[in-house]
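Q: Okay, so Swiss-Prot annotates it like this:
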- Lys229: ATP binding site (BINDING)
- 336-397: domain 'S4 RNA-binding' (DOMAIN)
- 42-51: motif ''HIGH' region' (MOTIF)
- 226-230: motif ''KMSKS' region' (MOTIF)
Amino acid sequence: MIVQDSVCSELMRGCEEILPVPELEKKLQKGIPLKIKAGFDPTAPDLHLGHTVLLNKLRQFQQFGHEVIFLIGDFTAMIGDPTGKNVTRMPLSQETVLENAKTYQHQVFKILDPDKTTVAFNSQWLNKFNAVDLIRLAATHTVARMLERDDFNKRYTTGQPIAIHEFLYPLLQGYDSVALKADVELGGTDQKFNLLMGRELQKHYGFEPQVVMMTPLIEGLDGVKKMSKSLDNYIGINETPEQMFGKIMSVSDELMWRYIDLLSFKTGKEIQQLKQSVLEGKNPRDVKIDFAKEIVARFHDQTQAEFAHNKFIERFQKGNIPEDLEELSLVIAEPIALAQLLKQIDLTASTSESIRMVKQGAVKVDGDKISDPSLKLPIGKSYIIQVGKRRIAKLSIQQAD
């Protein structure tokens, strides 16, 4: 019983909410492998560390002998998950969905054990649905129940349109749990309504309801908004070792602990020991370096993690400019404002970000901190431009004919 209690405690660690906890404990105490399901709609080709919070939890279940079902929602992706959206999402083509799904499989096996993972596609059963099946599924829930979901409710009360097919999405996702006979389903906190729909439909179809385990949405590099490619505050798992290492080293010490808690493969006990060592005088930077190496090694290898570490020391801690820095060329008719220039050479994602970075004192030209975003660099010269700790470019500005 002590062993089972420690397993249960480790599996629950890092979860935002578990519904219901007693049922999870009861299922684990049976001592038989459980079916652990997690669904992913392949609506974008690349994953970032935010996605791996859930994948890490799946990996834990594998380590304790349970069966992990990595469900690719190729059918539902062609509908588009309306969760958190204030407008109807455009459906994707089957070709795009299948191409993204292939990329997903390659990426997730950097974390999951392929020999202990069943990859399923919900088109396997949803493609067999006929009109009668769909109507019967729709009849299990009311419009009033659907409007309990925050995003639907907001759109309804503000007069924004809700397409009928959007109501079908949570029902179809829930039916996946029926088809797979899932014991546990994992998902982000933003998926709560859809996850609970799986429980309700399993009860309706006469199955033991799944336990729902929700993992938190991890903050991006800014420490405020959730990690997202669209907000440019993410660490992609396909990024180069140097990019990964530099981004992790750029986060605050407070955010570092959040990342370690949710992303490290260390046990809860080991993490507590790390925190205690910092309280006793260990430099948090050293903990961050070890964590950065752990993440880089996971998605690349240990040799590249050490190489990225050495490059980081050379570039940032010693203040050196890399010798192999590629020179960019910008041909313009007349000088342009620095804020616009930074965006043009992809050191920032937008002019507004450029302005913000300059005002924060994060932009240097040839080692000098710049305070004026409207500064115009003379044409006919080369410059070393730095934005923050990890974005750097050698730029030659040339006169257009």
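Keep in mind that glycine also has a Cβ here, set from the backbone N, Cα and C atoms.
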Q: DSSP on the domain 'S4 RNA-binding' (336-397): how many residues come out helix, how many strand, how many coil?
A: 16 helix, 20 strand, 26 coil
Q: Which whole-number mean pLDDT does the model give the motif ''HIGH' region' (42-51)?
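A: So the average pLDDT across the motif ''HIGH' region' (42-51) works out to 83.
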Q: How many helix, strand and coil residues does the motif ''KMSKS' region' (226-230) contain under DSSP?
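A: Tallying H, G and I as helix, E and B as strand, the rest coil: 0 helix, 1 strand, 4 coil.
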Q: I'd like the Cβ neighbour count for the residue listed as 'ATP binding site', meaning other Cβ atoms within 10 Å of its Cβ, all protein chains included.
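A: The residue listed as 'ATP binding site': 14 neighbouring Cβ atoms within 10 Å.
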Q: Using DSSP, what is the helix/strand/coil residue split across the motif ''HIGH' region' (42-51)?
A: 3 helix, 1 strand, 6 coil
